Structure formats: structure tokens, C-alpha cells
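What follows is a set of notes on a single structure, which appears directly below.
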């Protein structure tokens, strides 16, 4: 009796009992809640970057306040007041003095990298065109991809490279629209120097973002921001005193300029505070791809604030970038080696890897898989432990 039942079941043609999913079901399968949340978080960061750019434009164009170092200094002071003081009152290994004793020189180098990345890109606007900055600033994408591959051991699939390529194509479409509308501002004899500044700043941004991803996923968001506040305020204060004190004295101070500086500092503080949250959920690569839409938000605001000319290419560019982000986020990335290996570098005495506790069955740390959305249902975690 049992054998006849089995033969009857096996004789049914495979797939006849399950109808093909409809187009709506396929879209629902791709546009999951996690993916939509990921896209929304990235666009919040992009809007913060847009707000930072607009306040900087008002300061530079309307009030002739060219003070990029001072603006960064205000942000680092806020980080110091909020996060560095939080570390100072902590107890145990997370205390400020304990962190400085173990890793002070690493955070000092990272603070310098972050300061100069901001300075180089802002300085480049004085020498090269807006379109060149938009194009060359995308150099941060391959930098982050390569550093994540070699140092974080992140492994990508073909869909990730296609998605990143679509995002860059969208930026190219946006630059093409700028060219057709004649928005080639800032062209001068030292354009090559300005382009090199952008490439240098993008490279430093990539290094900073990858280091930030490692820290927030393996150590602490508060630790990263507290150390940036400490060393960032110290070194940017020195740079401000040396390079920008004369420019600061020329600023025609009034309530409008003061309000713009307050707004810039608030937006920058929000960006620095919120970015580690998004990076921990996704990755440095995903965040930098999301930030590509910031220039488009600036343009859409400029339609009303600065009376920019409109072109349908900008909408096409926005749709292409969003499509690339969706494509990139639909598949998860993974690491080629268990990240617990990294923890030996923050243990006292440099304990060998064999002293680490054994991995429990079915118990994995959140940092085992660097992913944009997490592994797909039914897939095994492709982690190879050395």
C-alpha cells in the first residue's frame, strides 16, 4: 500500500501543481521590507549631504565665507562634546583612557585621514568644474570595493558589480545633463590640480569609510565617533589656526551667517552620527552608492532656490541610480573568513588564534556576514573558517 502511494506521487509531473508567480509576486519578492528600509536609510544620508552642500553654497556664494576647515572644526567639537565625553564616563575596557592606551595611534591616523578628505574635496571646487567633482568623486566606489575585498575579506557577486556600474552610469547621465545645460562652473587654468585634489579626497574617503565599517561592526559606534571627535577637533583646530585664521576674520558676522553655520554643523553632526548606524546594517560600499543621489537632490532644490534649468536627463539619472541600488541590495555579500580572527588584534598580549573560544553550533555573531540585506531564505552562510 505504501509503495503504491509513493509511485503515484512520483508519477505526477513536477511543477504542475504550482502555478507560476505573477509579476506582482515577483516584485514583492524582490522589494522586501528590509530592502526598502535599506534604501530609505541610504537616502536619508543622501539628503543630509544635500543639506550640507546647500548651506556651504550659501556661505561661499552669498556671504563669501570660504571656511571649510572651520566648518569641519565645529562638527568635530560637537562629536567631542557628545561622544568623547560619553567614553570618558564609561567604566571598564570601553573607557576613553583604556581605548587610548590600546589604539591611540590608529585613531590619530584615521582622524587625520578624515580631516584631509573633507578638506581636499572642498578645496577642489576652487580649481575645477562641478561636473569634474561629481565624476571624479565616484572614485571612492572602486576604492571601497578594493579595500573591502582585501582587508575586510568581503566577497561580491556579479550582481553587485552590475548594480555599482548602473549607479556610476546614472552619475554619468547627470554630468551629461550638466554639460548640455552649460553648468560648467569653476573652470580655470589649474583644472588638473583640482581634479587631483578630488581623486585624493575620494581615496581618503574610501579608506576612512572602510575603517569605519570595521570599527562599528567589530568594536563600537560610540568609540569610533568619540575618537573622531577627540583627534578631529585637535588636528582641525591646529589646521584652522595655521591656514584659515585670516579667512575667518574676514567673515561679515551677522545672525544669518550664524544660522547657516549652526545649520551646517547640525547637518554634519547628524551625518556623522547616523552613517555608522547605516554602515553597520549594510556596508561602506552600499552607503557610498546611496550617496550618489545627493547631487541630484541638490539640483532639485536648486530648481526652486537658484532657478536652475530642468532636464529630463536628471530624472533618468535618478531612476538609473535607484535601479542600481536595488540591484546591488537584492543579493547578499559574504566574508571569506570568520571575522573572529580579527579580534586577536584587540586582545591584550596578542593571543594566538588557537586561544579563541570554539564556535558554537548554530551561534554566529552579527559580524560574521557583511551583507546588505542578510542571506536569502534557504541559503547556507558561505563562511569558510581558516
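Sequential numbering from 1, following the chain as shown.
Even glycines carry a Cβ here, placed using N, Cα and C.
Note that TrEMBL annotation is computational and uncurated.
In TrEMBL this protein carries:
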type     : residues : note
TRANSMEM : 35-54    : transmembrane segment
TRANSMEM : 74-92    : transmembrane segment
TRANSMEM : 104-122  : transmembrane segment
TRANSMEM : 134-154  : transmembrane segment
TRANSMEM : 161-180  : transmembrane segment
TRANSMEM : 192-210  : transmembrane segment
TRANSMEM : 222-243  : transmembrane segment
TRANSMEM : 255-275  : transmembrane segment
TRANSMEM : 287-308  : transmembrane segment
TRANSMEM : 314-336  : transmembrane segment
Chain residues outside the transmembrane segment (287-308) and at least six past its termini with a C-beta under 8 angstroms from it: 39, 41-43, 45-47, 49-50, 53-54, 134, 138, 140-141, 144, 163-164, 167-168, 170-171, 174, 181, 183, 205-206, 209, 275, 278-279, 314, 317-318, 321-322, 324-325, 328
Residues of the parent chain within Cβ reach of the transmembrane segment (255-275), under 8 Å, 6 or more residues beyond its termini: 44-45, 48-49, 51-52, 55-56, 58-59, 63, 65, 71-72, 74-75, 78-79, 82, 212, 225, 228, 287
Cβ-based contact of the transmembrane segment (134-154) with the transmembrane segment (192-210), 3 or more pairs under 8 Å: yes
Chain residues outside the transmembrane segment (222-243) and at least six past its termini with a C-beta under 8 angstroms from it: 69-70, 72-73, 75-84, 86-87, 94, 96, 99, 107-108, 110-112, 114-115, 119, 212, 215-216, 272-273, 276
Non-local residues, at least 6 beyond the ends, that sit with Cβ under 8 Å of the transmembrane segment (104-122): 56, 68-69, 72, 76, 133, 137, 197-198, 200-202, 204-205, 207-208, 211, 227-228, 230-232, 234-236, 239
Tertiary contacts of the transmembrane segment (192-210) (same chain, 6+ residues out, Cβ under 8 Å): 110, 113-114, 116-121, 123-128, 132-133, 136-140, 143-144, 147-148, 151-152, 186, 279, 284, 287-288
